[in-house]
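**Student:** This structure is in structure tokens; I'll ask about it shortly.
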């Protein structure tokens with residue numbers, strides 16, 4: 001298996017597109033640095049910024065107003081109450097929050113770069129099988145005395161290794177730029193077991209990256225299945241991106257129906273579920289992972305069943 005993975009890895013990096021994806025990932029991180037610096041100058045300018053204590057007081061008053069509204073979900077109430085607790089703790093203990101142009105803010109915003117990495121993962125997943133059929137090299141590959149499922153599994157593992165590499169490089173660059181170009185002053189806080197606790201910045205960022213892999217993994221599994229089924233990377237990429245870009249609208253339109261939460265694209269935003277920012281009410285990480293696991297198994301069973309039985313015409 002290791003030899004198969006190594007072979008797929010070498011083939012993947014022999015393509016110029018793989019290097020372009022790596023360079024684009026790094027370029028986006030740098031662009032975010034420039035954008036955040038520029039945005040902060042445009043917003044603040046030469047004006048005296050509002051003191052952090054005034055901002056915390058505004059948060060408390062605003063959240064208390066929101067809590068009086070009807071139809072708030074349990075998650076929304078919990079999030080608002082936690083924000084009040086943290087703001088009150090800051091004022092009582094004189095704990096300044098990170099500024100908008102701080103290391104913490106930059107690392108938090110770097111999580112959004114994973115959307116691009118997800119796209120690259122979809123492109124690789126959709127093409128890593130269909131490319132073999134398109135060029136005819138699949139016939140040579142399958143003449144080896146190796147089980148078909150092992151060949152397909154090596155391609156899937158290679159796809160995930162590629163996205164993990166991009167993520168690791170992106171995170172490393174984000175951390176480096178964050179600590180070099182931004183102020184590390186201020187303390188990030190969270191609620192843990194009902195108590196206000198200090199957040200480990202790197203640990204929290206890595207956790208957000210990990211949660212983002214819910215969406216990345218499901219997109220890869222879906223694109224991989226379509227690429228195997230239809231031997232067409234363009235179709236697989238197109239359908240996957242269509243679902244990605246329209247799922248939020250579809251969920252919003254059907255949110256009053258119970259069945260919508262049982263579709264994988266409704267529960268892939270694990271960061272949103274963790275923070276209470278979701279369209280569907282009262283979702284939990286455990287429920288979301290269970291739904292995604294079921295669909296992942298379905299996608300994989302279809303992929304491996306089709307590939308192992310597929311007729312390779314001469």
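The backbone N, Cα and C atoms fix where each Cβ goes, and this holds for glycine too.
Bear in mind that TrEMBL entries carry predicted annotations, made automatically and left uncurated.
The transmembrane segment annotation in TrEMBL covers 20-39, 113-135, 156-182, 206-227, 234-254, 285-307.
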**Student:** Any chance you could find the range in 113-135, 234-254, 285-307 with the most Cβ pairs under 8 Å to the transmembrane segment (20-39)?
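**Tutor:** Counting Cβ pairs under 8 Å, the winner is 113-135.
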**Student:** For the transmembrane segment (234-254), what are the same-chain contacts with Cβ under 8 Å, counting residues 6+ beyond its ends?
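**Tutor:** Hits for the transmembrane segment (234-254): 118-119, 122-123, 125-127, 130, 219, 222-224, 226-227, 260, 265-266, 279-280.
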**Student:** What else in the chain is close to the transmembrane segment (206-227), if you only count residues 6 or more beyond its ends and a Cβ gap under 8 Å?
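**Tutor:** Result: 108, 111, 114, 117-118, 121-123, 125-130, 155-156, 159-160, 163, 167, 171, 233, 235-237, 239-240, 243-244, 264-265, 267-271, 274, 288-289, 292, 295-296, 299-300, 302-303.
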